[in-house]
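S.K.: Mind looking over this structure? Questions follow.
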Amino acid sequence: MCWRELLYMLPELYLLGSAMIALLLGIVVDARWVHRLSAVSMGVVVVLSWWSGVTDHVAEDVHLFNGLVLHTRYTCISRMLVGVAGFVASLLFLCARREVRYEFSVVMLFATLGAMTLVQAGHFLSLYISLELNSLSSCVLVCFNRSSERASESALKFFILSALSSCIMLYGISLVYGYSTGLECNVMQEILAGRASLGATLGCAFVLVGVLFKLAVVPFHMWAVDTYHGSPMAAMAFFLIVTKSAAILLLARIVGENGILQQSILYGIISVSGLSALVGELGALRQSNIKRLLAYSNIGQLGYVLPVVVLHGTSSYAIFHYVLTSWVINAWIFSVLLRYDDEGFELASLAGMHRSSPFVAFALVVSMVSAAGFPPFLGCWPKYFFLKSIVMSDIPTVVAFPYVLLVCAVGIVPCFYCFRIARVVYFDQPAMGAGHPALPHHLGLTVIAVVCMLLSVIALFLAQYFDILFQGLVWVFGGRT
């Protein structure tokens, strides 16, 4: 190890130091100052990540700390994207002005640190430690409200199932090591290319199960809905903005530039992608709670992105487009939802919202329609790019055609629950004697909602030029991904 290697990890070291300082400061200062310090620290991490990517021109892969960390153009960009996601989540929490203990912001910093190191892991050891750091921190965020029975139940379910997925991943890592005598993540790319024995392929499949569990892909999704339902709204925003982005970027890097060529694993992931789209969209149709509806909706969206990730890996810019679009839409949605209390939140409580808070009602409806992917709203472009990529790929028609037909059919389902939300907000009457109290004024959340609206409009006109724009970003970072 040398000082040059530590300089590469400056954003992570700064984030770790900020988390430790915030943990100590919380003992002597008010919790609000710790929340502000955490948000500022995430902003500094974004700047440091940008500076590190622009100044460190890497012509080839650089292995740091004896291979534990992989430093490439892709990992630099992924680290910066995860840092921006953490900054957005911190801003949402800060602007919501939640009266919670200072440890919430500190745990968010540690979870973001785990996500940032996860996308740079070059060794199975660092990958597993980063994954567990993020998972354990997420478990603390879920059960932060200790007086809530639902939160405790959700955290217990998340913890037990996370432990199960960790055991499966560790067993897969042991199989990969036993058959390939290597623990570098690059070994998986050779195995997934079809140049390994059955045991090594099975080990890779078990490792992928751990990543798919983190994404809540069917059939590894049973924890997500109840966990999101019981967690605080700010924690749910963090999961959908930060953790989900990190898991997708990690999966693309594990697959590599050429994608998965091992047909058994490739067709298996395409199958679970179709099931995710089906279960997610149909499951959201039955929900009366907004948290559970969003959980199922995000499970359904994974059915579109996963096939492109495993087919093209890091060579597809559509993955980055989806990550950025997901940020904007989720930040837009939670800029509305964070105005409410964490408990309950049934759709019926939105009745008559347009009378007391017309802007909030409009923002909620339009953001949900964007999340559903209706043309010409922002969410339709990633789905279009993904389906186009599947159709133009080398997948046999007997596999691609049923998948495309299925996701196109279930893509109609979101219109029903989106229109139901619009009906409740604009046409339903509040319960007798309940009324709809005016929401407290949150200037910060309103600014975030307006910014997300403007970004959505701009992105609509620039969506077809995203490849050119992202190539410019790669050029600024001094190379190719």
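In case you wondered, yes, glycine gets a Cβ from its N, Cα and C as well.
Under the heading transmembrane segment, Swiss-Prot lists 39-59, 76-96, 104-124, 158-178, 205-225, 232-252, 265-285, 293-313, 318-338, 359-379, 399-419, 443-463 (among others).
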S.K.: Counting Cβ pairs under 8 Å that are 6 or more apart in sequence, does the total for the transmembrane segment (318-338) and the transmembrane segment (104-124) reach three or more?
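M.R.: Since fewer than 3 Cβ pairs under 8 Å link them, the transmembrane segment (318-338) and the transmembrane segment (104-124) do not come into contact.
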S.K.: Give me the stretch from 158-178, 232-252, 359-379, 399-419, 443-463 with the greatest number of Cβ pairs under 8 Å to the transmembrane segment (265-285).
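M.R.: So the stretch in question is 399-419.
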S.K.: Counting Cβ pairs under 8 Å to the transmembrane segment (39-59), which of 76-96, 104-124, 232-252, 359-379 comes out on top?
M.R.: 76-96
S.K.: Check the transmembrane segment (359-379) against the transmembrane segment (399-419) for contact, please; criterion is three or more CB pairs under 8 Å, pairs 6 or more apart in sequence.
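M.R.: Taking Cβ pairs at least 6 residues apart, the transmembrane segment (399-419) and the transmembrane segment (359-379) are in contact, with 3 or more under 8 Å.
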S.K.: With pairs fewer than 6 apart in sequence excluded, do the transmembrane segment (232-252) and the transmembrane segment (104-124) have three or more C-beta pairs that lie under 8 Å?
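M.R.: The transmembrane segment (232-252) and the transmembrane segment (104-124): touching, yes.
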S.K.: If we skip the immediate neighbours and take only residues 6+ beyond the ends of the transmembrane segment (158-178), which ones have a Cβ under 8 Å from one of its Cβ atoms?
M.R.: 124, 128, 131-132, 135, 138-139, 142, 187-188, 191, 199-200, 202-210, 213-214, 220, 222-223, 227
S.K.: Is the transmembrane segment (76-96) close to the transmembrane segment (443-463), in the sense of at least 3 CB pairs under 8 angstroms with a sequence gap of 6 or more?
M.R.: yes
S.K.: Excluding the flanking five residues on each side, which residues at least 6 beyond the ends of the transmembrane segment (76-96) place their CB within less than 8 Å of a CB in that stretch?
M.R.: 11, 35-36, 38-39, 42-43, 45-46, 49-50, 52-53, 56, 58, 104-105, 108-109, 112, 115-116, 119-120, 233-234, 237-238, 241-242, 245-246, 249, 253, 320, 323-324, 327, 331, 334-335, 338-339, 442-445, 447-448, 473-474, 477, 481
S.K.: What same-chain residues lie close to the transmembrane segment (399-419): Cβ under 8 Å, and 6 or more beyond its ends?
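M.R.: Result: 267, 270, 273-274, 277-278, 281-282, 284-285, 287, 293, 297, 300, 303-304, 307, 365, 368-369, 371-374, 383, 387, 390-391, 393.
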